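Record features (TrEMBL):
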TRANSMEM  12-29  transmembrane segment
TRANSMEM  35-53  transmembrane segment
TRANSMEM  65-87  transmembrane segment
TRANSMEM  93-115  transmembrane segment
TRANSMEM  122-144  transmembrane segment
TRANSMEM  156-177  transmembrane segment
TRANSMEM  198-220  transmembrane segment
TRANSMEM  226-245  transmembrane segment
TRANSMEM  257-275  transmembrane segment
TRANSMEM  281-304  transmembrane segment
Amino acid sequence: MQAQLERSQVSIYLITLSIAVLVGLSMPVNLMDALPIALGILMYGMFVQIPFLKFLDILKAPRFLCAILLSNFVIIPLVLSVVFPYFPDHPALQFGIVLVLLTPCIDYVVVFTTLGKGDGKLMLAATPILLILQILLLPIYIYLFLGQSFVAALSIQPFVESFFVLMLLPCVAAILVQSTQQHRWSQITQSISNALPVPLMALVLFIIVSSNITVVVADLTLLQQLIPIYIGFMVIMFLINLMLGRSFKLPSNELRTVIYSAGTRNSLAVLPFALALPSEWVLIAITAIVTQTLVELVGELIYVRITPKIHG
């Protein structure tokens with residue numbers, strides 16, 4: 001069931017988004033109160049698939065590890081620092097863009113990597129270190145990109161609460177399930193949990209889009225500002241990481257994997273931080289994040305047609 005859901009996930013998301021737009025425009029609804037619950041379960045479903053207990057396995061591929069860390073935590077921040085002055089001049093919009101583009105994906109990137117003839121198992125092995133580093137570095141990124149005045153204007157308590165409830169608790173629950181896999185109940189729990197991410201991500205997308213589509217449609221300039229940024233990001237990251245992978249003399253499958261890691265962002269997994277913003281900024285930041293998801297899904301379909309033809 002899990003494999004079938006993952007193979008069909010792009011179609012599931014696109015159908016869900018179409019229904020959400022129709023529902024939101026024809027009978028305006030507000031389901032945002034349900035978002036934290038759905039998001040918390042989604043985070044657990046994503047975390048339970050990350051091999052936390054095999055954290056050191058990635059060290060068996062040192063060149064790949066160096067390339068993927070250099071790409072995600074050095075090259076991408078440097079590229080964004082160059083183009084940041086050209087971002088829309090709105091703090092919530094800038095926050096959403098920075099939040100989503102600086103955090104590498106830890107879930108469906110594995111599926112797209114496999115579809116694009118990359119090394120899905122190696123990508124999966126890299127997810128624990130990618131998750132840990134992005135959580136540690138994100139506050140530093142926000143400070144460096146948005147400045148002390150932006151940080152000072154925020155209330156820290158909502159961010160701490162969001163991190164604890166929507167990130168830390170699901171992560172701890174996932175690790176506990178993984179650490180007790182020898183028990184029958186744990187195996188059943190993990191099997192059920194593994195099927196959660198795709199339907200839960202579809203549910204989260206439905207909640208956000210159906211609840212906010214009328215506001216977004218009323219101000220299409222927002223989308224016009226965001227979409228070119230995200231398209232440009234995927235194109236630039238493809239080219240840079242193609243050169244990076246070749247400079248590291250990576251095998252073809254590892255080179256493709258680096259490209260997918262750099263081009264695929266953590267979108268919905270960073271939503272807890274957007275929800276912690278002041279109420280007047282939440283919708284704008286969420287729009288920035290969800291728009292990136294939509295652009296990325298289309299971009300991934302293009303990636304999977306191109307990357308199999310790439311060789312190290």
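Using N, Cα and C of the backbone, Cβ positions are placed for all residues, glycine too.
Using the rule of three or more Cβ pairs under 8 Å, pairs at least 6 apart in sequence, the transmembrane segment (12-29) is not in contact with the transmembrane segment (257-275).
No contact links the transmembrane segment (281-304) to the transmembrane segment (122-144), because fewer than 3 Cβ pairs that are 6 or more residues apart lie under 8 A. The stretches the transmembrane segment (226-245) and the transmembrane segment (122-144) are not in mutual contact, being linked by fewer than three Cβ pairs under 8 Å (pairs 6 or more apart in sequence). If you look at the transmembrane segment (156-177) against the transmembrane segment (257-275), you find at least three C-beta pairs under 8 angstroms, all six or more positions apart, and that counts as contact. Beyond the ends of the transmembrane segment (65-87), by six or more residues, the same chain brings 58-59, 93-94, 97-98, 101-102, 104, 126, 129-130, 133-134, 137, 141, 144-145, 229, 232, 236-237, 240-241, 244-245, 248, 250, 254, 257-258, 261-262 to within a C-beta distance below 8 angstroms of the stretch.
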